[in-house]
Amino acid sequence: MALVPCQVLRVAILLSYCSILCNYKAIEMPSHKTYGGSWKFLTFIDLVIQAVFFGICVLTDLSSLLTRGSGNQEQERQLKKLISLRDWILAVLAFPVGIFVVAVFWIIYAYDREMIYPKLLDNFIPGWLNHGMHTTVLPFILIEMRTSHHEYPSRSSGLTAICTFSVGYILWVCWVHHVTGMWVYPFLEHIGPGARIIFFGSTTILMNFLYLLGEVLNSYIWDTQKSIEEEKEKPKLE
C-alpha cells in the first residue's frame with residue numbers, strides 16, 4: 001500500500017501550483033506590464049497547463065468517488081470523458097511542455113544565465129519560486145505517471161497536437177517581437193535570423209521527441225507493473 005494515496009498527492013500538487021501562480025502574479029515585474037504580460041513566457045503557460053491538468057486529476061478522483069457503485073450509466077460516461085481529457089492533456093501538453101521547460105531552462109542557465117534568466121530577476125523572484133517554476137515540474141509529472149496509468153492518443157494525432165502547440169507558441173513569440181521590437185527571451189537578441197530558424201525548428205523537434213519519450217515511459221512503467229502483478233498472481237510451485 002502506498003504511503004500517501006495518489007489522490008492526496010494530486011491535491012497537494014494542485015495546491016502547490018496554485019500557490020506558485022499566485023505568488024508569481026503578485027510580483028511587480030516590468031515585463032508583466034508590457035505587451036502579452038505573463039502569457040508571452042512559456043514558463044507561465046506551462047504552470048497554467050500543469051495547474052489545469054492536476055485540477056482535472058482532482059476532479060476525476062472526486063467524480064470517481066461519487067459515481068462508485070451508483071450504477072448510473074450517464075455518470076459513468078461522463079467520468080470516462082473526463083478521464084480521456086485528463087490523459088490527453090498529460091500526453092500532449094503536461095509531460096512534453098513541462099519537461100521541455102525544465103530541460104531547456106537549466107541547460108541555458110548553466111551555459112549563461114543572462115541569456116535566459118538575468119541576475120536582475122533575483123531582485124523580483126525568490127529562489128524557491130524559481131525552482132517551483134523550473135524544477136518541481138519534473139518530479140510532479142513523473143509522480144503522476146508512476147501512480148496512474150494514462151491512455152495515450154494515437155501517435156499521429158498526438159504528434160499533430162504537440163506540433164500545433166509548438167508552432168503556435170513560436171508564432172506568438174514572433175508576433176510579440178513584431179509589436180514590441182524585443183524578443184521574449186534575451187538570447188534571441190544575440191543570434192541571427194538563420195540561427196533563430198534553426199532554434200525554433202529544433203525546439204519543435206525536441207517537443208515531438210519528448211512526446212514520444214512520454215509515450216514510451218508510460219508504456220514501460222505500466223507494462224513492467226503489469227508483469228510484476230501477473231508474476232505475483234502465479235500459483236507457487238510446491
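Cβ atoms here come from the backbone N, Cα and C positions, even for glycine.
TrEMBL lists 42-67 (among others) with the feature transmembrane segment. Same-chain residues lying 6 or more positions outside the transmembrane segment (42-67) and placing a CB less than 8 Å from one of its CB atoms are 7, 10-11, 13-14, 17-18, 20-21, 24, 75-76, 78-79, 82-83, 85-86, 89-90, 93-94, 97-98, 100-101, 105, 133-134, 137, 140-141, 144, 148, 169.
Away from its own ends, the transmembrane segment (88-108) comes close to residues 42-43, 45-46, 49-50, 52-53, 56, 115-117, 134-135, 137-138, 141, 144-145, 150, 152-153, 158, 161-162, 165, 187, 203, 206-207, 210-211, 213-215, 218 of its chain (Cβ-Cβ under 8 Å, at least six residues beyond either end). Summarising the annotation, TrEMBL assigns transmembrane segment to 88-108 (among others).
Annotation source TrEMBL lists transmembrane segment at 128-147 (among others). Remote same-chain residues near the transmembrane segment (128-147) are listed as 2, 6, 9-10, 13, 16, 19-20, 23-24, 43, 46-47, 50, 54, 57, 90, 94-95, 98-99, 101-102, 105-106, 117, 214, 217-218, 221 (criterion: CB distance under 8 Å, separation of at least six residues from the stretch ends).
Here the transmembrane segment (159-185) has long-range neighbours at 34-36, 40-42, 45, 92-93, 96-97, 115-116, 153, 200, 203-204, 207-208, 211-212, meaning same-chain residues at least 6 beyond its ends whose C-beta is under 8 angstroms from one of its own. Per TrEMBL, transmembrane segment is recorded for 159-185 (among others).
Within the chain carrying the transmembrane segment (197-217), a Cβ under 8 angstroms from the stretch's Cβ atoms is held by residues 90-92, 95-97, 99-100, 104, 145, 152, 155, 158-159, 162-163, 165-167, 170, 188, 191, all 6 or more beyond its ends. What TrEMBL lists as transmembrane segment is 197-217 (among others).
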